[in-house]
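**Q** For reference, the structure I am asking about is given below.
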Amino acid sequence: MFARVFKAMPARAPAFTSVNASIQSRFMATVRQGRPATERATFTIRDGPIFHGKSFGARSNISGEAVFTTSLVGYPESLTDPSYRGQILVFTQPLIGNYGVPSAERDQHGLLKYFESPNLQAAGVVVADVAEQYSHWTAVESLGEWCAREGVPAISGVDTRAIVTYLREQGSSLARITVGEEYDADQDEAFVDPEQIHLVRQVSTKAPFHVSAADPQCHVAVIDCGVKENILRSLVSRGASITVFPFDYPIHKVAHHFDGVFISNGPGDPTHCQDTVYHLRRLMETSQVPIFGICLGHQLLALANGARTIKLKYGNRAHNIPALDTTTGRCHITSQNHGYAVDASTLPSDWKPYFVNLNDSSNEGMIHKTRPIFSTQFHPEAKGGPLDSSYLFDIYLDSVVKYKNHQLAFHPNRNTVPSPLLVDLLAKERVGVQPTIGMQNVAAAAAAAVAAA
(Lines of atoms letter the chains of each structure in order from A; the text may use other names.)
(Lines give C-alpha, C1' and ligand atoms only; values in the text may rest on other atoms or scores of the structure.)
Protein backbone atom coordinates (compact mmCIF):
# COMPACT_ATOMS: atom_id res chain seq x y z
CA MET A 1 0.00 0.00 0.00
CA PHE A 2 2.76 2.43 0.96
CA ALA A 3 4.59 1.67 -2.28
CA ARG A 4 1.52 2.60 -4.28
CA VAL A 5 1.12 5.84 -2.31
CA PHE A 6 4.72 6.91 -2.83
CA LYS A 7 4.61 5.93 -6.48
CA ALA A 8 1.56 8.13 -7.02
CA MET A 9 3.14 11.16 -5.41
CA PRO A 10 4.23 13.94 -7.83
CA ALA A 11 7.82 15.00 -8.21
CA ARG A 12 8.96 17.12 -5.26
CA ALA A 13 11.10 19.68 -7.01
CA PRO A 14 8.29 21.85 -8.44
CA ALA A 15 6.39 21.82 -5.12
CA PHE A 16 9.55 22.77 -3.21
CA THR A 17 10.20 25.61 -5.64
CA SER A 18 6.61 26.77 -5.18
CA VAL A 19 6.99 26.74 -1.39
CA ASN A 20 10.24 28.72 -1.66
CA ALA A 21 8.51 31.27 -3.86
CA SER A 22 5.67 31.51 -1.36
CA ILE A 23 8.08 32.04 1.54
CA GLN A 24 9.99 34.69 -0.40
CA SER A 25 6.74 36.41 -1.33
CA ARG A 26 5.59 36.52 2.29
CA PHE A 27 8.98 37.77 3.46
CA MET A 28 8.95 40.59 0.92
CA ALA A 29 5.38 41.48 1.92
CA THR A 30 6.52 41.65 5.54
CA VAL A 31 9.40 43.96 4.62
CA ARG A 32 7.11 46.16 2.54
CA GLN A 33 4.85 46.56 5.58
CA GLY A 34 7.81 48.07 7.42
CA ARG A 35 8.04 45.26 9.95
CA PRO A 36 11.49 43.64 9.86
CA ALA A 37 11.08 39.90 10.24
CA THR A 38 13.97 39.50 12.69
CA GLU A 39 13.94 42.79 14.60
CA ARG A 40 15.05 42.47 18.18
CA ALA A 41 12.46 42.60 20.95
CA THR A 42 12.65 42.41 24.73
CA PHE A 43 10.19 41.07 27.28
CA THR A 44 10.83 42.54 30.73
CA ILE A 45 9.08 41.54 33.94
CA ARG A 46 9.00 44.33 36.51
CA ASP A 47 11.52 43.55 39.27
CA GLY A 48 12.15 40.27 37.48
CA PRO A 49 14.06 38.69 34.61
CA ILE A 50 14.55 40.12 31.12
CA PHE A 51 14.11 37.96 28.01
CA HIS A 52 15.43 38.79 24.55
CA GLY A 53 13.77 37.55 21.40
CA LYS A 54 12.47 38.60 18.01
CA SER A 55 9.51 40.80 17.14
CA PHE A 56 6.81 39.35 14.91
CA GLY A 57 3.98 41.81 15.53
CA ALA A 58 3.55 45.57 15.58
CA ARG A 59 6.62 47.78 15.94
CA SER A 60 5.50 49.39 19.18
CA ASN A 61 6.02 49.09 22.91
CA ILE A 62 3.42 47.96 25.41
CA SER A 63 3.07 47.28 29.11
CA GLY A 64 0.46 45.34 31.00
CA GLU A 65 -0.14 42.44 33.33
CA ALA A 66 1.71 39.30 32.20
CA VAL A 67 -0.47 36.19 32.43
CA PHE A 68 -0.17 32.75 30.88
CA THR A 69 -2.48 30.24 29.26
CA THR A 70 -1.83 26.51 28.95
CA SER A 71 -4.36 26.08 26.13
CA LEU A 72 -3.04 24.03 23.22
CA VAL A 73 -5.30 25.54 20.55
CA GLY A 74 -7.75 28.40 20.14
CA TYR A 75 -5.32 31.32 20.02
CA PRO A 76 -7.58 33.41 17.71
CA GLU A 77 -10.41 33.05 20.22
CA SER A 78 -8.17 33.74 23.21
CA LEU A 79 -6.57 36.83 21.71
CA THR A 80 -9.97 38.32 20.79
CA ASP A 81 -11.52 37.53 24.18
CA PRO A 82 -12.28 40.91 25.84
CA SER A 83 -11.37 39.34 29.20
CA TYR A 84 -7.70 39.59 28.12
CA ARG A 85 -7.91 43.36 27.66
CA GLY A 86 -4.76 45.06 28.96
CA GLN A 87 -2.88 41.80 29.51
CA ILE A 88 0.26 40.41 27.89
CA LEU A 89 -0.59 36.82 27.07
CA VAL A 90 2.15 34.19 27.37
CA PHE A 91 1.44 30.88 25.59
CA THR A 92 2.92 27.71 27.08
CA GLN A 93 2.30 25.75 23.88
CA PRO A 94 5.75 25.80 22.17
CA LEU A 95 4.52 26.55 18.63
CA ILE A 96 1.77 29.09 18.00
CA GLY A 97 0.34 30.24 14.69
CA ASN A 98 0.58 27.06 12.63
CA TYR A 99 -3.04 27.25 11.47
CA GLY A 100 -2.98 30.98 10.84
CA VAL A 101 -5.74 33.48 11.55
CA PRO A 102 -9.24 33.11 10.08
CA SER A 103 -11.39 35.77 8.44
CA ALA A 104 -13.91 38.02 10.17
CA GLU A 105 -16.75 36.07 8.58
CA ARG A 106 -20.15 36.25 10.29
CA ASP A 107 -22.79 33.57 10.72
CA GLN A 108 -26.52 33.65 9.97
CA HIS A 109 -27.12 35.64 13.17
CA GLY A 110 -24.59 38.30 12.23
CA LEU A 111 -22.13 37.07 14.88
CA LEU A 112 -18.43 36.49 14.24
CA LYS A 113 -17.78 32.83 13.44
CA TYR A 114 -14.13 32.58 14.46
CA PHE A 115 -13.43 35.52 16.79
CA GLU A 116 -14.82 36.45 20.20
CA SER A 117 -14.83 40.19 19.40
CA PRO A 118 -14.04 42.29 16.32
CA ASN A 119 -10.50 43.16 17.44
CA LEU A 120 -7.44 41.61 19.01
CA GLN A 121 -7.85 42.38 22.73
CA ALA A 122 -4.59 41.25 24.38
CA ALA A 123 -2.05 44.03 24.87
CA GLY A 124 0.86 41.83 23.77
CA VAL A 125 1.74 38.27 22.75
CA VAL A 126 4.65 36.12 23.98
CA VAL A 127 5.51 32.73 22.42
CA ALA A 128 8.47 30.39 22.30
CA ASP A 129 8.18 29.86 18.55
CA VAL A 130 5.84 31.33 15.96
CA ALA A 131 4.86 29.65 12.70
CA GLU A 132 5.66 31.99 9.83
CA GLN A 133 3.87 29.65 7.41
CA TYR A 134 0.33 28.52 8.22
CA SER A 135 -2.07 25.96 6.82
CA HIS A 136 -5.84 25.89 7.38
CA TRP A 137 -8.83 26.26 5.10
CA THR A 138 -10.23 29.18 7.13
CA ALA A 139 -6.92 31.09 7.40
CA VAL A 140 -6.42 34.39 5.59
CA GLU A 141 -3.25 35.69 7.26
CA SER A 142 -0.48 34.71 9.64
CA LEU A 143 -0.43 35.42 13.36
CA GLY A 144 2.36 37.96 12.82
CA GLU A 145 0.48 39.76 10.06
CA TRP A 146 -2.61 39.91 12.23
CA CYS A 147 -0.75 41.30 15.25
CA ALA A 148 0.96 43.91 13.06
CA ARG A 149 -2.32 44.97 11.47
CA GLU A 150 -4.01 45.23 14.87
CA GLY A 151 -1.11 47.22 16.36
CA VAL A 152 -0.22 44.58 18.96
CA PRO A 153 3.48 43.86 19.66
CA ALA A 154 4.51 40.22 19.82
CA ILE A 155 7.75 38.47 20.71
CA SER A 156 9.05 34.98 19.92
CA GLY A 157 12.24 33.09 20.66
CA VAL A 158 12.01 33.49 24.43
CA ASP A 159 12.03 30.83 27.15
CA THR A 160 8.31 30.67 27.93
CA ARG A 161 8.91 27.83 30.39
CA ALA A 162 11.11 30.11 32.50
CA ILE A 163 8.55 32.94 32.18
CA VAL A 164 5.67 30.73 33.31
CA THR A 165 7.72 29.28 36.17
CA TYR A 166 8.41 32.81 37.39
CA LEU A 167 4.76 33.87 37.09
CA ARG A 168 3.58 30.71 38.82
CA GLU A 169 5.94 31.25 41.75
CA GLN A 170 5.79 35.04 42.02
CA GLY A 171 2.26 35.59 40.72
CA SER A 172 0.96 37.58 37.77
CA SER A 173 3.32 40.53 37.28
CA LEU A 174 3.54 43.77 35.39
CA ALA A 175 5.65 43.40 32.27
CA ARG A 176 6.69 45.22 29.14
CA ILE A 177 7.43 44.38 25.51
CA THR A 178 9.85 46.72 23.75
CA VAL A 179 10.77 46.46 20.09
CA GLY A 180 14.04 47.65 18.62
CA GLU A 181 15.40 49.34 21.74
CA GLU A 182 16.98 48.56 25.08
CA TYR A 183 14.95 48.58 28.25
CA ASP A 184 15.94 51.20 30.81
CA ALA A 185 15.58 49.66 34.27
CA ASP A 186 15.09 53.15 35.72
CA GLN A 187 11.96 53.73 33.67
CA ASP A 188 9.61 52.39 36.29
CA GLU A 189 6.83 54.58 34.96
CA ALA A 190 6.90 52.49 31.78
CA PHE A 191 4.95 49.80 33.64
CA VAL A 192 1.24 50.54 33.58
CA ASP A 193 -1.07 48.44 35.74
CA PRO A 194 -4.27 47.73 33.77
CA GLU A 195 -5.96 46.72 37.02
CA GLN A 196 -6.09 50.41 37.92
CA ILE A 197 -8.09 51.14 34.76
CA HIS A 198 -11.80 50.55 34.26
CA LEU A 199 -11.29 48.05 31.45
CA VAL A 200 -14.94 47.03 31.23
CA ARG A 201 -15.78 50.56 30.12
CA GLN A 202 -13.44 50.06 27.13
CA VAL A 203 -14.92 46.77 25.90
CA SER A 204 -18.63 47.19 26.65
CA THR A 205 -21.00 48.32 23.91
CA LYS A 206 -21.76 52.02 24.11
CA ALA A 207 -25.41 51.61 23.13
CA PRO A 208 -27.90 48.72 23.12
CA PHE A 209 -27.98 46.35 20.16
CA HIS A 210 -30.27 43.47 19.25
CA VAL A 211 -29.81 40.00 17.76
CA SER A 212 -32.92 38.04 16.78
CA ALA A 213 -33.26 34.27 16.97
CA ALA A 214 -34.55 32.45 13.89
CA ASP A 215 -37.49 31.05 15.89
CA PRO A 216 -37.63 33.19 19.04
CA GLN A 217 -38.98 31.51 22.16
CA CYS A 218 -38.00 34.23 24.64
CA HIS A 219 -36.27 37.59 24.97
CA VAL A 220 -33.15 37.92 27.15
CA ALA A 221 -31.41 41.11 28.28
CA VAL A 222 -27.61 40.77 28.19
CA ILE A 223 -25.42 43.00 30.36
CA ASP A 224 -22.28 43.46 28.26
CA CYS A 225 -19.13 43.63 30.37
CA GLY A 226 -17.07 42.37 27.43
CA VAL A 227 -19.28 39.59 26.12
CA LYS A 228 -17.84 36.89 23.86
CA GLU A 229 -19.50 36.28 20.53
CA ASN A 230 -20.01 32.59 21.27
CA ILE A 231 -21.94 33.42 24.44
CA LEU A 232 -24.36 35.42 22.31
CA ARG A 233 -24.46 32.57 19.79
CA SER A 234 -25.15 30.04 22.55
CA LEU A 235 -28.24 32.03 23.54
CA VAL A 236 -29.52 32.92 20.06
CA SER A 237 -29.03 29.42 18.62
CA ARG A 238 -31.25 28.07 21.41
CA GLY A 239 -34.15 30.35 20.51
CA ALA A 240 -33.46 33.40 22.66
CA SER A 241 -33.60 36.79 20.98
CA ILE A 242 -31.23 39.09 22.85
CA THR A 243 -30.91 42.79 23.51
CA VAL A 244 -27.42 43.68 24.70
CA PHE A 245 -26.95 46.63 27.05
CA PRO A 246 -23.89 48.60 28.22
CA PHE A 247 -22.44 47.39 31.51
CA ASP A 248 -23.78 50.37 33.48
CA TYR A 249 -27.29 50.40 32.03
CA PRO A 250 -30.02 50.50 34.77
CA ILE A 251 -31.30 47.08 33.83
CA HIS A 252 -33.77 46.94 36.72
CA LYS A 253 -35.80 49.71 35.07
CA VAL A 254 -36.53 47.67 31.92
CA ALA A 255 -36.39 44.09 33.27
CA HIS A 256 -40.20 43.73 33.07
CA HIS A 257 -39.88 43.79 29.27
CA PHE A 258 -37.64 40.70 29.29
CA ASP A 259 -37.93 37.03 30.17
CA GLY A 260 -34.40 36.70 31.54
CA VAL A 261 -31.21 38.62 32.32
CA PHE A 262 -27.70 37.44 31.48
CA ILE A 263 -24.44 38.95 32.84
CA SER A 264 -21.38 38.46 30.65
CA ASN A 265 -17.68 37.91 31.09
CA GLY A 266 -15.22 40.80 31.00
CA PRO A 267 -11.77 42.06 32.03
CA GLY A 268 -10.24 43.48 35.17
CA ASP A 269 -11.17 43.96 38.79
CA PRO A 270 -14.90 43.36 39.42
CA THR A 271 -14.98 46.05 42.11
CA HIS A 272 -14.60 48.69 39.39
CA CYS A 273 -18.15 47.94 38.22
CA GLN A 274 -20.02 49.46 41.15
CA ASP A 275 -22.82 50.75 38.90
CA THR A 276 -23.42 47.24 37.59
CA VAL A 277 -23.40 45.82 41.12
CA TYR A 278 -25.97 48.38 42.25
CA HIS A 279 -28.26 47.75 39.27
CA LEU A 280 -28.09 43.98 39.85
CA ARG A 281 -28.94 44.42 43.51
CA ARG A 282 -31.96 46.54 42.57
CA LEU A 283 -32.93 43.99 39.92
CA MET A 284 -33.08 41.15 42.45
CA GLU A 285 -35.03 43.33 44.86
CA THR A 286 -37.69 44.29 42.32
CA SER A 287 -37.97 41.30 39.97
CA GLN A 288 -38.14 37.49 39.98
CA VAL A 289 -36.61 37.26 36.50
CA PRO A 290 -34.16 34.34 35.94
CA ILE A 291 -30.50 35.42 35.97
CA PHE A 292 -27.37 33.69 34.66
CA GLY A 293 -23.83 35.05 34.96
CA ILE A 294 -20.52 33.85 33.51
CA CYS A 295 -16.97 34.73 34.61
CA LEU A 296 -16.98 38.44 35.54
CA GLY A 297 -20.78 38.19 35.54
CA HIS A 298 -20.47 35.53 38.25
CA GLN A 299 -18.27 37.83 40.34
CA LEU A 300 -20.57 40.84 39.90
CA LEU A 301 -23.58 38.77 40.90
CA ALA A 302 -21.71 37.67 44.03
CA LEU A 303 -20.81 41.26 44.91
CA ALA A 304 -24.43 42.32 44.41
CA ASN A 305 -25.44 39.75 47.02
CA GLY A 306 -22.89 40.84 49.59
CA ALA A 307 -20.11 38.32 48.92
CA ARG A 308 -16.48 39.26 48.31
CA THR A 309 -14.01 38.55 45.51
CA ILE A 310 -10.30 37.81 45.79
CA LYS A 311 -7.41 38.09 43.34
CA LEU A 312 -5.75 34.77 42.54
CA LYS A 313 -1.98 34.46 42.56
CA TYR A 314 -1.69 33.73 38.84
CA GLY A 315 -5.24 32.98 37.76
CA ASN A 316 -6.75 30.08 35.86
CA ARG A 317 -6.41 30.25 32.08
CA ALA A 318 -6.76 26.97 30.20
CA HIS A 319 -9.22 24.75 28.34
CA ASN A 320 -8.85 21.67 30.53
CA ILE A 321 -9.59 22.63 34.14
CA PRO A 322 -11.74 20.16 36.14
CA ALA A 323 -14.74 21.56 38.02
CA LEU A 324 -17.00 19.54 40.33
CA ASP A 325 -20.77 20.01 40.18
CA THR A 326 -21.71 19.98 43.87
CA THR A 327 -25.35 19.15 43.09
CA THR A 328 -24.62 15.95 41.12
CA GLY A 329 -21.06 14.97 42.03
CA ARG A 330 -20.10 14.99 38.35
CA CYS A 331 -16.81 16.44 37.13
CA HIS A 332 -16.68 18.67 34.06
CA ILE A 333 -13.63 19.70 32.06
CA THR A 334 -14.00 23.44 31.64
CA SER A 335 -12.56 26.40 29.77
CA GLN A 336 -11.42 29.21 32.07
CA ASN A 337 -9.90 32.68 31.88
CA HIS A 338 -9.95 34.65 35.12
CA GLY A 339 -7.62 36.28 37.62
CA TYR A 340 -10.25 36.85 40.31
CA ALA A 341 -12.54 34.46 42.16
CA VAL A 342 -15.49 34.61 44.52
CA ASP A 343 -14.72 33.91 48.17
CA ALA A 344 -17.22 31.11 48.80
CA SER A 345 -16.99 31.59 52.57
CA THR A 346 -18.67 35.00 52.17
CA LEU A 347 -21.75 33.77 50.28
CA PRO A 348 -25.00 34.69 52.07
CA SER A 349 -27.18 31.95 53.55
CA ASP A 350 -29.62 31.85 50.62
CA TRP A 351 -26.82 30.93 48.21
CA LYS A 352 -24.66 27.83 47.94
CA PRO A 353 -21.57 26.88 45.90
CA TYR A 354 -22.50 25.29 42.57
CA PHE A 355 -19.09 24.28 41.18
CA VAL A 356 -15.66 23.85 42.78
CA ASN A 357 -12.28 23.91 41.02
CA LEU A 358 -10.62 20.54 41.58
CA ASN A 359 -7.13 21.96 41.04
CA ASP A 360 -7.07 24.77 43.61
CA SER A 361 -10.48 24.38 45.37
CA SER A 362 -11.52 27.90 44.32
CA ASN A 363 -15.18 28.68 43.73
CA GLU A 364 -16.42 28.04 40.18
CA GLY A 365 -20.10 28.82 40.55
CA MET A 366 -23.00 29.58 42.85
CA ILE A 367 -26.72 28.93 42.80
CA HIS A 368 -29.63 30.48 44.68
CA LYS A 369 -31.49 28.05 46.93
CA THR A 370 -35.01 29.17 45.99
CA ARG A 371 -34.84 31.37 42.89
CA PRO A 372 -33.82 30.66 39.24
CA ILE A 373 -30.48 32.44 39.58
CA PHE A 374 -27.05 30.86 39.14
CA SER A 375 -23.62 31.67 37.77
CA THR A 376 -20.34 30.03 36.79
CA GLN A 377 -16.76 31.23 36.90
CA PHE A 378 -15.82 29.03 33.94
CA HIS A 379 -17.09 29.37 30.36
CA PRO A 380 -19.72 26.76 29.44
CA GLU A 381 -19.77 28.12 25.87
CA ALA A 382 -16.04 27.20 25.59
CA LYS A 383 -14.68 28.43 22.22
CA GLY A 384 -12.13 27.13 22.50
CA GLY A 385 -12.42 24.25 24.84
CA PRO A 386 -14.72 21.36 25.77
CA LEU A 387 -18.51 21.54 25.77
CA ASP A 388 -19.09 19.44 28.90
CA SER A 389 -21.09 22.18 30.58
CA SER A 390 -22.92 23.74 27.62
CA TYR A 391 -26.13 22.22 28.99
CA LEU A 392 -26.18 25.09 31.51
CA PHE A 393 -27.55 27.33 28.76
CA ASP A 394 -30.43 24.86 28.35
CA ILE A 395 -31.12 24.89 32.09
CA TYR A 396 -31.12 28.67 32.09
CA LEU A 397 -33.36 29.07 29.05
CA ASP A 398 -35.79 26.45 30.39
CA SER A 399 -36.23 28.65 33.47
CA VAL A 400 -36.57 31.72 31.23
CA VAL A 401 -39.37 30.15 29.16
CA LYS A 402 -41.06 28.92 32.35
CA TYR A 403 -40.92 32.44 33.78
CA LYS A 404 -42.30 33.87 30.54
CA ASN A 405 -45.25 31.46 30.53
CA HIS A 406 -45.94 32.15 34.19
CA GLN A 407 -45.98 35.89 33.54
CA LEU A 408 -48.31 35.50 30.57
CA ALA A 409 -50.69 33.39 32.66
CA PHE A 410 -51.11 36.19 35.18
CA HIS A 411 -50.54 39.11 32.81
CA PRO A 412 -52.00 38.09 29.43
CA ASN A 413 -51.42 41.58 27.99
CA ARG A 414 -47.75 41.58 28.98
CA ASN A 415 -46.46 41.38 25.40
CA THR A 416 -48.60 44.32 24.27
CA VAL A 417 -47.21 46.76 26.85
CA PRO A 418 -45.24 49.44 24.96
CA SER A 419 -41.50 49.07 25.42
CA PRO A 420 -39.11 52.02 25.54
CA LEU A 421 -36.75 49.92 23.41
CA LEU A 422 -37.65 49.72 19.74
CA VAL A 423 -35.53 46.66 19.01
CA ASP A 424 -36.10 46.87 15.26
CA LEU A 425 -34.29 50.22 15.28
CA LEU A 426 -31.32 49.06 17.35
CA ALA A 427 -27.91 48.23 15.92
CA LYS A 428 -27.19 44.57 15.14
CA GLU A 429 -23.70 44.47 16.64
CA ARG A 430 -21.75 46.09 19.47
CA VAL A 431 -21.50 49.87 19.26
CA GLY A 432 -18.50 52.15 19.76
CA VAL A 433 -16.02 49.56 21.07
CA GLN A 434 -12.46 50.63 20.26
CA PRO A 435 -9.52 48.34 19.39
CA THR A 436 -6.91 47.56 22.02
CA ILE A 437 -4.83 50.63 22.90
CA GLY A 438 -1.08 51.09 23.06
CA MET A 439 1.06 51.69 26.12
CA GLN A 440 1.01 55.46 25.74
CA ASN A 441 -2.78 55.53 25.54
CA VAL A 442 -3.06 53.12 28.45
CA ALA A 443 -0.92 55.48 30.52
CA ALA A 444 -3.10 58.40 29.46
CA ALA A 445 -6.22 56.45 30.40
CA ALA A 446 -4.72 55.61 33.78
CA ALA A 447 -3.82 59.25 34.41
CA ALA A 448 -7.32 60.32 33.41
CA ALA A 449 -8.83 57.74 35.76
CA VAL A 450 -6.70 59.00 38.65
CA ALA A 451 -7.63 62.60 37.87
CA ALA A 452 -11.32 61.71 37.72
CA ALA A 453 -11.09 59.97 41.09
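For all residues, glycine too, the Cβ spot is worked out from N, Cα and C.
These numbers come from a predicted model, not from an experiment.
Annotations per Swiss-Prot:
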ACT_SITE  CYS295  active site, nucleophile
ACT_SITE  HIS379  active site
ACT_SITE  GLU381  active site
DOMAIN    219-406  domain 'Glutamine amidotransferase type-1'
TRANSIT   1-28  transit peptide
**Q** What is the pLDDT of the domain 'Glutamine amidotransferase type-1' (219-406) when averaged and given as a whole number?
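**A** Within the domain 'Glutamine amidotransferase type-1' (219-406), the model's average pLDDT equals 97.
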**Q** What is the separation, in Å, between the Cα atoms of HIS379 (active site) and CYS295 (active site, nucleophile)?
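**A** Cα-Cα distance, HIS379 (active site) to CYS295 (active site, nucleophile): 7 Å.
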**Q** Using a 10 Å radius around its CB, how many other CB atoms surround HIS379 (active site)?
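**A** Result for HIS379 (active site): 26 neighbouring Cβ atoms inside 10 Å.
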**Q** Would you mind reading off the Cα separation of GLU381 (active site) from CYS295 (active site, nucleophile), to the nearest angstrom?
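**A** Just about 11 Å between their Cα atoms.
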**Q** Of CYS295, GLU381, the active-site residues given in the record, which has the fewest other CB atoms within 10 A of its CB?
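**A** Sparsest of the active-site residues CYS295, GLU381 by Cβ contacts within 10 Å: GLU381.
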**Q** Look up HIS379 (active site) in the DSSP assignment and reduce it to helix, strand or coil.
**A** strand
